[in-house]
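Notes to accompany the following structure.
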Amino acid sequence: MPSATRKNAPKGKCPICGAPTKAEFRPFCSRGCRDRDLLNWLGDAYRLPVKDLQAEDGDFD
């Protein structure tokens, strides 16, 4: 089966608003959604889970 080319590659949806993405702002649809995503990261709206190693080992004192 041939791999998808740019011409017939499936279009994605913007993770912020759900609109079709644009190549210039991919994976977003616009500069506004791209900037909103950045502000979410900078404002701690997004968080990565962190495992507390000190609670497990107790050897960090």
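Backbone N, Cα and C atoms are what each Cβ position is placed from, and that goes for glycine too.
Secondary structure at C17 (Zn(2+) binding site), as computed by DSSP, is coil. In the shown protein chains, 12 other C-beta atoms lie within 10 A of the C-beta of C17 (Zn(2+) binding site). The Zn(2+) binding site annotation in Swiss-Prot covers C14, C17, C29, C33 and rests on sequence analysis.
Apart from C14, C17, C29, C33, the residues listed for Zn(2+), the same chain places the Cβ atoms of K13, P15, I16, G18, A19, T21, F25, F28, S30, G32 within 8 Å of the centroid of those Cβ atoms. Sequence-distant contacts of C14 (Zn(2+) binding site), defined by Cβ-Cβ distance under 8 angstroms and a gap of at least six in the same chain, are P20, T21, P27, F28, C29, S30, C33.
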